[in-house]
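To start, the structure itself, in structure tokens.
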Amino acid sequence: CVCNTGFTGQNCEIDIDECLSKPCKHGSECIDLIDGFTCKCKSGYEGITCEADINECESDPCLHESTCVNLEDAFTCVCAAGYNGKHCEIDLNECLSSPCKHGSCVDLVNSYRCVCDKGFEGLKCSINIDECFSNPCQNFGECIDQIDGFKCLCSRGWLGTFCNIKVNYCDPKPCIHGQCIDLDQQYTCECNHGYEGNLLNAN
């Protein structure tokens, strides 16, 4: 007998198994046909013999300009700075670590911005602004820096927020029978005729 293609045997009764040579690559299943075969490819492969690795990166699965790395039947994303997740879809919240010491945090891409409370400055709002730097206390007053403010310890003879108000030692009229003269840090009485003493209450 002269057998048709794909058959053998004395009477051409045997179908030649084209799968015996294991033509299907990467562990794919071979299905024998008459005078041929077909391959049932495993996931991630294609081609007549499943020889081609499907490039899962062709569909651009990685977001936010991240880099896709093709793997066997898979892919992985190398995320751009500030992103995470299988597809780099998660914007990392840099505010979760509470970086702003004295202020509120605004999340940005791969960064953050601090909106400082009053009286503080710096990248992380960690610097207490020195309100005494401008020397607001006058007339030799001592400046005490506080949060978002200052306090003046005035020298003798001065008062007010800035130690700019001179104490009037003649108020309220200490000289009973005379004229009060305000001096630098005290007063003196110029007595009326017939009176003497500090408060001029003695005849």
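In case you wondered, yes, glycine gets a Cβ from its N, Cα and C as well.
Annotation source TrEMBL lists disulfide bond at CYS3-CYS12, CYS41-CYS50, CYS79-CYS88, CYS95-CYS105, CYS116-CYS125, CYS154-CYS163, CYS170-CYS180.
Listed in sequence order, CYS1, CYS3, ASN4 are the same-chain residues six or more apart from CYS12 (disulfide bond) with CB atoms under 8 A from its CB. If you measure from the Cα atom of CYS105 (disulfide bond) to that of CYS180 (disulfide bond), you get 61 Å. Ranked by how many other Cβ atoms sit within 10 Å of their Cβ, the disulfide-bonded residues CYS95, CYS116 place CYS95 at the bottom. Between CYS116 (disulfide bond) and CYS163 (disulfide bond), the C-alpha separation comes to 30 Å. Closest in space to CYS88 (disulfide bond), of the disulfide-bonded residues given as CYS41, CYS95, CYS125, CYS163, CYS180, is CYS95, taking the CA atom of each residue. For the disulfide-bonded residues CYS125, CYS170, counting C-beta atoms within 10 A of each C-beta gives the highest total at CYS125.
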